[in-house]
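Novice: Quick one: this structure, given as structure tokens, is what I'll be asking you about.
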Amino acid sequence: MKTLLLTLVVLTIACLDLGYTKTCFNDNLANPKTTELCRHSMYFCFKNSWIAGGVERIERGCSLTCPDIKYNGKYIYCCTRDNCNA
């Protein structure tokens, strides 16, 4: 009986990590400070940056995929660790 209980405890602890949710920076400042919890299906953090009107624009957040299209001077960076899109 003790073996069964120990097995159930170990399995429960192992399964608790399955609900892990990624966090990514989500603000548009040069030095990001706020984060968001990504939905379960979001595997990437992204950072888009481009120059518009002589000013650098930045967009950050969570993404399903990692877009690799770079056009019109737009720089796109993707990563898979928490808060890696600073």
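Just so it is clear, glycine is given a Cβ too, placed from its N, Cα and C backbone atoms.
Sequence annotations record features per position, and here Swiss-Prot assigns disulfide bond to CYS24-CYS45, CYS38-CYS62, CYS66-CYS78, CYS79-CYS84 based on similarity to another entry. What Swiss-Prot records for 1-21 is signal peptide, and it gives similarity to another entry as the kind of evidence.
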Novice: Within 10 Å of the Cβ of CYS78 (disulfide bond), how many other Cβ atoms can be counted across all chains shown?
Specialist: 17
Novice: Based on Cα coordinates, which of the following disulfide-bonded residues are within 10 Å of CYS66 (disulfide bond): CYS24, CYS38, CYS45, CYS79, CYS84?
Specialist: CYS45, CYS79
Novice: How big is the gap, in Å, between the Cα of CYS78 (disulfide bond) and that of CYS24 (disulfide bond), rounded to a whole number?
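Specialist: Computed Cα spacing between CYS78 (disulfide bond) and CYS24 (disulfide bond) is 11 Å.
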Novice: Quick one: Cα separation, CYS38 (disulfide bond) versus CYS24 (disulfide bond), in Å?
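Specialist: Answer for this pair: 7 Å between alpha carbons.
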Novice: Which has the fewest other Cβ atoms within 10 Å: CYS24, CYS38, CYS62, CYS66, CYS84, the disulfide-bonded residues listed?
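Specialist: With the disulfide-bonded residues CYS24, CYS38, CYS62, CYS66, CYS84, fewest surrounding Cβ atoms within 10 Å: CYS66.
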Novice: Can you give me the same-chain residues 6 or more apart in sequence from CYS45 (disulfide bond) with a CB-CB distance under 8 Å?
Specialist: LYS22, CYS24, PHE25, CYS38, ARG60, GLY61, CYS62, SER63, CYS78, CYS79, THR80, ARG81, ASP82, ASN83, CYS84, ASN85
Novice: For CYS79 (disulfide bond), what is the tally of other C-beta atoms lying within 10 angstroms of its C-beta?
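Specialist: Summing over all protein chains shown, CYS79 (disulfide bond) has 15 other Cβ atoms within 10 Å.
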